[in-house]
Amino acid sequence: MLSFIARRLLYMVPTLVLISIVAFAIIQLPPGDFLTTFIARMSAQGEAIDQAQIDSLRERYGLDEPIYVQYFKWIGGIVTDLDFGQSFEWKRSVADLVWDRLPLTVLLAGATLTLTWILAFPIGIYSAVKQYSIGDYLATTIGYLGLAIPNFMIALILLYIGFRYFGQSVGGLFSPEYQDAAWNLGKVLDLLSHIWIPLIVLGTAGTAGLIRILRANLLDELRKPYVVAARARGVPERRLLVRYPLRVAMNPFISTIGWVLPALVGGEVIVAKVLSLPTTGPLMLSALTSQDMYLAGSIIMIISVLTVVGTLISDIALAWLDPRVRLRRH
Amino acid sequence: MQASIPPPVRDVPESAADTAGPGGAAATTYTAKQSTLVWRAFKKHRLAMAGVAVTIAFYVVALFAEFLAPYSASRFDAESTFAPPQLPQIVDISDDGWDWGLHVNGYTSSMDQETYAQTYEIDESTKIPLRFFAKGESYEFWGLFETNIHLIGPADPDQPMYLLGTDGNGRDLLSRIIHATRVSMSIGLVGVTMTFVLGVVLGGISGYVGGKTDLVIQRLVEFFMSIPTLPLWLGLAAALPDQWGPLRRYFAITVILAIIGWTSLARETRGKFMSLREEEFVTSAHLDGNSQPRVIFRHILPSFTSHLIASLSLSIPAMILAETALSFLGMGLQAPVVSWGVLLQDAQDIRTVATAAWLLLPGLAVVAAVLALNFVGDGLRDAADPYKR
């Protein structure tokens, strides 16, 4: 087990390096270096440009030096003291900005994942055990629809229904009066009363996908000879199901931590935009539109790193649960 | 999927292909080509057949967009912004007696005294007769000839006919959805072609060569799978220069979508290659003196083409959804190009949706197309899998 973890950790290193290179490339992609953009924006706003400040920035990011020196300066700053650079749009450090929004993003992703599991698990089992029953057809239909309807459509429709029939605006995660308040019981309750809409919207696609996978896996497993043999020996149906087939078919639930996270983060960008949630998605989007590249690149990198870590956790959990994964030679 | 006619044999048993394997070469064995078997299994899948019909309909709309749409995508009518959809009626019973004839009701406009915003409502008392093959704006049909015949239109071209309503600039939503079909449906095809080339070539090399090459390609695949797709797409799309023309941007977007889409196909191809490499028929092909490329393209690839087609057809809807999402966020295609995602941009905030709910209709087109393509893909996958037949 330890060697498995060690190997996985080792595999993570090149991935992380590649991610940082991609993020850096995204920062560098727009024409001109960011200082020219910065200067242009400052003079457009009629602000005085402090030459000393510009020189220090130029020195800080090594803009006169070759591109790989710039990369190492940038990544060095991140690794040594979490300096992700400056956001010119917000005139704050990127780390501060992201830190403001990251906890809610992670909370939302975690809650969505939990909801997805809670919903998909019983439904998936039911539709596999009772294949071709009305419930199964219903679940399959909902599954198809959940995959085919873009997340933001669901969000817009829910918003429309909320607006039209309940006369409330359902965007955001907090009511106006709690927006800037410190955390207390009232704010938590307020959060709970708002969070269900993004949860439903974000959870549908994932739930639909999981139901399909669990159903298919469990069906394959239930047809295997060992199940027939166990049934022939008189093992009660319920125990027969839970004992082995379910455990095997459960694997996708564990590995979802890995692939649901990227999907969630992606879906979250759009849904958060529609529902105006205070998460990292809209921040990244506005950064990309205004070419605030340090902010955009850093968010892409942080989210990607979180995803890689999530994948690692799910792989370890999977190896712990399933000896076949643990002992497979690579 | 070729619709080959079953060979003239009486009901071939489903297992015909199996019995025609290496052992059963007896003359009495009925044989059917793999494509025939797949087609036969596919036909039984009713949802998939319905999906095929809907998909074909979508592509027909894409092909004949100019003729089917009452107006061009950019024609605007400042006189009717946010005009609600009109319901086409066949009979008018408002006066005494039945007055037959396809028509829609006109609009009345009223001005909000506070905001000075014009609002339009359906006026039951006016009647605008409609005509099939009506004369309207002239357009060039496929660049071949110029005509001004549209499938449907108002008898008097100056009268308004907005069957699905108009947007904030007074542009006919139905026409725009029809024109957008061309872009949205084709981006899936173009993107999938690129995905296919990348996925099959890299996956094939990885699975067939193995060793260090395999390791490198697999790490690459894992890398692409581990980054959240949408942020990466957005980052790349944001870097496209603004001055690029619509066509260049269109191809750039498909390339960006394909860059990330190829990974799962590469994985599948690799897995297939790895298992097939060890099969006896490959070894014997080698021993018979076939060249390496011939073994790959003549012997290995054909044995899982149906599987490949199935996974490809499942990635078309994913491409369509991806393009919709990108354009919805304003990072994908840009006006004047219309795709469903570009149209949905208008429906981004709740205030617009609350006043003009019909702006969500392009989403319905997305859902229908994606569902239909998914059904086709699922049906193909089941039909191509000999163990499910």
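For all residues, glycine too, the Cβ spot is worked out from N, Cα and C.
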Candidate ranges B:132-152, B:300-320; TrEMBL annotation transmembrane segment resolves to B:300-320
Mark yes when the transmembrane segment (B:183-208) and the transmembrane segment (B:356-376) have three or more Cβ pairs under 8 Å (sequence separation 6 or more) and no when they do not. yes
Contact ranking winner - B:183-208, B:220-241, B:300-320 against the transmembrane segment (B:247-265), Cβ under 8 Å: B:183-208
Under 8 Å between C-beta atoms and at least six residues away from its ends: which parts of the chain pack against the transmembrane segment (B:183-208)? 58-59, 62, 214, 217-218, 220-221, 250-251, 253-255, 257-259, 261-274, 277, 296, 300-301, 308, 312, 315-317, 319-320, 323-324, 333, 337-341, 365-366, 369, 373
